[in-house]
Amino acid sequence: MLYYFNTLAMMLRMQRVESCHTEEYGDEPEAIAVVPGRFHLLGEYLWFAQGNTLSMAIDQTLTLCVSRRKDSTFRLFSLTLGERRKISTANLRYRKEDRWANSVKAVILSFMDGGYHLTGLNCTILSQIPPDAGLGTPNALKVAMALVLGRLFAATLPKESVVSIVEHANERYLKTHAHRADILCVLFAKQGSCVRTDHRKKQAELCQFPSEGKRIVLTDSRVPRFIAREEFTARLKRCVDAYELVKRNPDMPRAMSKLMAAALEEIDVPEGIRRRVISLVRESLGVDEAIEALRKRDFAAFSRVVNRSHERLRDRFEISCPELDWLVKRALEFVDPDAPDVVCSRLTGRGFGGCTYAILRDQDFEPYLERLDEYERIFGFKAAAYEVQCSEGARVL
């Protein structure tokens, strides 16, 4: 029943964005891309060491409608934000004040670097993905833009090429890391499955998720995230530097999942950094354990991996905060002593705010939402909860 209502809601959103596009520009869309949001269940910090990431596409989507222009101008209209931008292929440099439009510019530049000839486009964007919650809105927009450009200006554009184009946009023009797990997840996802990103092989693999009798809840802590990017980036950089020191030893394995904590005793780094790198080593092993548990349909084993991961992120990697820990603790209060470890919860993303996810039994969903009323009384602002499902990946209509 929930799937039916979600499908109906998606159809209504598409009708709305198509109608607004025609009203804004006077022409009908020639291509429409629908891209899901995503959240990471485990391993989102392991890309630099060629580890694995386990992610899930969700049924909250970004829709992009486009129609061709006869000039080189790109007109962008965000229905979600009520904002308009006008850019030209002659001037696509990054400008801080352009904010979300920089994602579009980066993908256009990446296409041009690939030798594609582009004309201008009229673009209308409607995003249902909660903003500023770490659920992949910027990369959803980039993937959507790459898909519609491919539909209109490339004879064929396989998904692997879309991955390369968006990664190039991120690394060269937005000066971030590739965000490979984000891109592969939303491109290759299937309803009812998680996506494992193998950063070493640059591949995605589906892993069925047993959702019967369960509810998946994302809870946005609404903690102001102005410190999250800077603090998380600095912390991860120190871990990358420590890992690079380990790799200088020719006897050390290349993949983090094969790196033993004992190897870190041989390098000269502060104890805090050593502790965080060891937590990432354990996280990498945990991803493999979680996937094996899902394949065996052993949700109790999967839940144990998830709950221990949050403990490591809180105590060893130190990227949690009181608000996130409170949300996780409320979810875990529904663990049944007679059937332990069938409820799990963890922060997802950069930490220092953002979201938690919880996988609850059907009967625990409404009581969990009721407990969120206490959150505002304790912290002074409301949390926002979203029930989600494993979604299909991106598509072009």
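Using N, Cα and C of the backbone, Cβ positions are placed for all residues, glycine too.
Among the features that Swiss-Prot reports, active site, proton acceptor is placed at D182. Annotation source Swiss-Prot lists ATP binding site at S78. As annotated by Swiss-Prot, site 'Transition state stabilizer' applies to R38.
Across the fold, the C-alpha of R38 (site 'Transition state stabilizer') and the C-alpha of the residue listed as 'ATP binding site' stand 20 Å from each other. The residue listed as 'ATP binding site' has a Cβ environment of 18 other Cβ atoms inside 10 Å.
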